[in-house]
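Enquirer: Please see the structure below; I have some questions.
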Amino acid sequence: MELFEGLIAKNGLVFAFLIVGVLTLGSEFFSKKFLKSKIPGSAVAIFLALLLGYWGGVWGNGEKGLADVKFFSGLGFFGGAMFRDFTIVATAYGASFLLVKKSGWLGFISLVLGISLFFVLGVIIAFAWGYRDVVSLCTIGAGACTYIIGPVTGAAIGASSEVIALSIGTGLFKTITVTILTPLVAKRIGLDNPQAAMAFGGLMGTSSGVAAGLAATDPELVPYGAVTATFYTGLGCLVCPSVFYGILELML
Amino acid sequence: MIIYGVALLALSFLLGQWMGEALGALLGIDANVGGVGFAMIILMLLKDWFLREGWMKKDMDAGIDFWGKMYIPVVIAMAASLNVKGAVSSGLLAVLAGFIPVAICFAVFPHMLRRFKTD
């Protein structure tokens, strides 16, 4: 057992390849056998992984889900920012630049619309919950955009650490919701072509949620959704603590 | 050589990330602004250029294709290493503020698409 533990500790990333492979295999099987492939295997795998992440959080008592459990630390590296961004860029290889250019304008409009919509809705919900100070409202509104915009905004305007944590939780929940719901509703909302995927990426914004949701819907759409979604967090970090904060302050 | 493809991808990635960091610094915010998006556009442009010049060899494709196909497994690993417990335990407000706007956006999305198609 000790020998085995040492082996895993030394080869965390390789062990992560094995875990994800087995998880995918099981999910594909489950999807075919019990769901008649109505929910794609990759969507099942992502959902299962989220459950494992929750369980890992309880067990490992950290902030990185299952990756905080010593045995599974390789998952954190495999699913970390470097691999995520590197592989997402690689998906662009199959995308057509002409299509991206053609829908660029639509992508830009949906970005602006998406950030404003999520911010406003986040602020309204926080207001309805009882928050009245501009700093907290703005931070929670920013968290409703993504779990990165929330803390960046909160830090910039001096929010309390509880409110910042709340904004991170809000953003994380958004990512999870988008990941799970996208493959379920994609067909019904017309999300089946590159142009729609670009608009979707801009509107929803959470690049991990959008890309994960699209990956489970139709892998060919991933690069189109990702190419707009990836500008969302940057743009949000720019406008939330400045323009949006200013407007909120004027209003309250 | 497969490594040429991987290296081309790495070059696009690093250039794009660098542009994103530079743009963030220029705007005075501590964030990478669209680094991944820039990298994707650079890769698409480099691909077009390489294809035109006839420099793209079959093996190079394989080096980039592999990483593109690894995207879903990476997302699965990412999902398992998200702070799901933190999200759930930050309370009902986080759940509502995370869920309701997404649901509204899903409802708005088809109308937005239709508006653009008729324009």
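Glycine too: its Cβ is placed from the backbone N, Cα and C atoms.
Automatic prediction, not curation, is the source of TrEMBL annotations.
Annotations for this protein, taken from TrEMBL, read as follows:
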{"type": "DOMAIN", "residues": "A:7-251", "note": "domain 'Malonate/sodium symporter MadM subunit N-terminal'"}
{"type": "TRANSMEM", "residues": "A:12-30", "note": "transmembrane segment"}
{"type": "TRANSMEM", "residues": "A:42-59", "note": "transmembrane segment"}
{"type": "TRANSMEM", "residues": "A:71-93", "note": "transmembrane segment"}
{"type": "TRANSMEM", "residues": "A:105-127", "note": "transmembrane segment"}
{"type": "TRANSMEM", "residues": "A:134-157", "note": "transmembrane segment"}
{"type": "TRANSMEM", "residues": "A:163-185", "note": "transmembrane segment"}
{"type": "TRANSMEM", "residues": "A:197-217", "note": "transmembrane segment"}
{"type": "TRANSMEM", "residues": "A:229-248", "note": "transmembrane segment"}
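Mind mapping these onto the model and telling me what they sit next to?
Expert: Listed by sequence, the residues of this chain that lie at least six past the ends of the transmembrane segment (A:42-59) yet keep a Cβ under 8 A from its Cβ atoms are 23-24, 26-28, 30-31, 35, 65-69, 72, 176, 179-180, 183-184, 212, 215-217.
Outside the transmembrane segment (A:71-93) by six or more residues, the chain places 5, 8, 11-17, 19-20, 56, 64-65, 207-208, 211, 219, 222-223, 226-227, 230 with a CB less than 8 A from a CB of the stretch.
Residues 136-138, 140-145, 170, 174, 195, 198-205, 227-228, 231-232, 235-236, 239-240, 244, 248 of the same chain lie 6 or more positions beyond the ends of the transmembrane segment (A:105-127) yet place their CB under 8 Å from a CB of it.
Nonlocal intrachain contacts for the transmembrane segment (A:134-157), taken as residues 6+ away from its ends with a CB within less than 8 angstroms of a stretch CB, comprise 115, 118-123, 125-127, 163-164, 166-172, 174-175, 205-207, 232-233, 236-237, 240-241, 244-245, 248-249, 252.
Listed by sequence, the residues of this chain that lie at least six past the ends of the transmembrane segment (A:163-185) yet keep a Cβ under 8 A from its Cβ atoms are 39-40, 43, 46-47, 50, 118, 122, 135-136, 139-140, 142-151, 153-155, 191, 204, 206, 208-210, 212-214, 216-217.
The list of residues near the transmembrane segment (A:197-217) in space but at least 6 beyond its ends in sequence, with Cβ under 8 angstroms from a Cβ of it, reads 40, 42-43, 46, 84, 88, 100, 103, 106-111, 113-115, 117-118, 145-147, 171, 174-183, 186, 191, 224-233, 236.
Long-range contacts of the transmembrane segment (A:229-248) within the same chain: residues 88, 111-112, 114-115, 119, 123, 134, 137-138, 141-142, 145-146, 148-149, 152-153, 156-157, 201-202, 204-207, 210-211, each at least 6 residues beyond the stretch ends and with a Cβ under 8 Å from a Cβ of the stretch.
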